[in-house]
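Structure first, then comments.
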Amino acid sequence: MNKNINQNPEAEKEDIKRLASYTLLFKSNFLKGLLFLLLAVVFELLAPFAVRKIFDEELKKAVIDKNSILYWIGLYLFVNVTAMIFQYMSDIQLKIMAMRIVQKMRMQIYSNIQRIGISFFDNMPAGSIVSKVTNDTLAVQGLYVKVLGEIFKSTVYVISIYIILFTIQAQFALLATFLLPLVAFIIYIYNKKARVYNNVIRSKVSELNGAINETVQGISVIQAFNNQEQIQKDFDKTNEERVNQRTKLLVLNSATSYNIISTLRNIVFVVMIYYFGNKVIKDNAVTSVGLLYVYVDYISILFHHIHQIVQQMNEMSKSTVASSHVFEMIDKEGKDISDEKIEKINGTVEFKDISFYYKKDEYVLKNINISAEKGQTIALVGHTGSGKSSIMNLLLKFYQPQQGKILIDGMDLQTLQDQTIRDHMGIVLQEPYLFTGTILSNITLNKENISRQDAKKALEMVGGDLVLGNLKDGIDEKVVERGATLSSGQRQLISFARALAQNPTILILDEATSSVDSETEKIIQSAMDVLMKGRTTFIIAHRLSTIKNADKIYLLEKGRIIEQGTHSELLEKKGKYFDMYKTQSNL
């Protein structure tokens, strides 16, 4: 879940200030946009005076001058067209600024995603993150295009109209000022309620995105287990909650932006009729048609822009709610990417009294001690949940242990920059992840220091050319998202070649052969000795037959090492390792 729905006013003010600060990054567009907007307002407000001239002067002349009337009509059209042109120019500048700001925000979020620790993603659905990068930033864009322009323009209109009204008829203008506290109160009430609704709506949209993402990723499982109906119910429930909040917001919008404002406008017209009618009765003063036109026109314009201000409060509310989600991602603490390099490491690794948990005090590793000399192969075995993958996560610095130290060449792993040490590591996961692109780009990861020749050589060394040779474009074969068109064996071989191409000193194989068929396993196994030569290798093994030649084998159970030794030593002990091996070998 995102920030608390009832975000405190101070936090909201900070978000608004921060949103305003983004305009300073594009001052030229911002200032031009406001200048053109101001000019558009000035020209539009001049238009009623041209009409007043026609009614109060030109039509009262003994001899009507058509040319003079045409002049004022032409002037009326000119100021309106000029206002339209300036409005267009303002829109362009503000939209360019908004587009650039959203681009900046998305770059900041995406950049920070690369720096955030893995633990953050354990608790954040992918769809929710996508929603923040796309939907929420798009909602923020509305602030700069619609809200900023409309509120500024409408505020200038309201102030200008009041100045004009006070200039030509102060008493009536004074009567009309009762609107201001009423409008302020309406805006206050609206903001208070709309923010709650908008926060829930955006949270539900985020949940829907997460559900869609999860459904697409797991569609084969959903269909295989005939779970479509339950998935649909869950989706419909969340969607219904979103619609309910949208309905409440629509009711609020209708009540404030049209009904109340229309009622206020009608009240002002009644006040105006009473005021000028009273002047006629009491003072026998006749108000000119032109002046009445000016009043009616300005009052209409005034209420149109009061309506616009109230209406934009919804956009403002949506934008500030969305911005809190955007800033949450931008501000999420991450680690700086360092350019610091260590030219070479020997590859000695030592886990000293390591204890670790994901959830407080629920330890998944307890007092782990493992040592690996340069070039040794270390195998970790055990049932699911025994802690094997957690050891690899700590070695890769995805997480930090609560107790103990991990030493590489005698250096405390926590004192080394993440990127610095990972430059010397290669990993093959049980479920390989392939990116959209080609087989080549998935091996090199588009790193400049890995050539096409290096990639082909790595693929050959793992025997991948034998399996991938039947692909039409070979190493240039297109790869779709997650490598969906390739077999699990092909994906694993590409992942294996990717690790080898990095020329790592420390190699991590996380059950790398568990998801391939026997024939592909033989291809990988035959290349293992070559791959591991001179490299410190950690293998998480499911098939014990693949680790017979390991220098050390550690058997884990419930986060503790219960047996260790070579394959033959552990068989001689006839403990749990022996039982596991016997079960797998059908002895």
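Heads up, the Cβ atoms here are built off N, Cα and C, so glycines get one too.
Since this is a predicted model, take the numbers as computed values, not measurements.
Copied over from TrEMBL:
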DOMAIN    33-318  domain 'ABC transmembrane type-1'
DOMAIN    349-583  domain 'ABC transporter'
TRANSMEM  30-49  transmembrane segment
TRANSMEM  69-89  transmembrane segment
TRANSMEM  143-165  transmembrane segment
TRANSMEM  172-190  transmembrane segment
TRANSMEM  258-277  transmembrane segment
TRANSMEM  289-307  transmembrane segment
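Long-range contacts of the transmembrane segment (69-89) within the same chain, counting only residues at least 6 positions beyond its ends with a Cβ under 8 Å from a Cβ of the stretch, are 32, 36-37, 39-41, 43-44, 46-47, 50-51, 53-54, 58-59.
Packing against the transmembrane segment (143-165) from elsewhere in the chain are residues 19, 23, 33-34, 37-38, 40-42, 45, 90-91, 94-95, 97-98, 101, 172-173, 176-177, 295, 298, 301-302, 305-306, 308-309, 311-312, 315-316, 319-320, 323: each is 6 or more residues past its ends and has a CB under 8 Å from a CB in it. Sequence-distant neighbours of the transmembrane segment (30-49) (same chain, 6+ residues past either end, Cβ-Cβ under 8 Å): 23-24, 76, 79-80, 82-84, 86-87, 89-91, 93-94, 97, 149, 152-153, 156-157, 160-161, 164, 293-294, 297-298, 301. Model confidence over the domain 'ABC transporter' (349-583) stands at 87, taken as the mean pLDDT rounded to a whole number.
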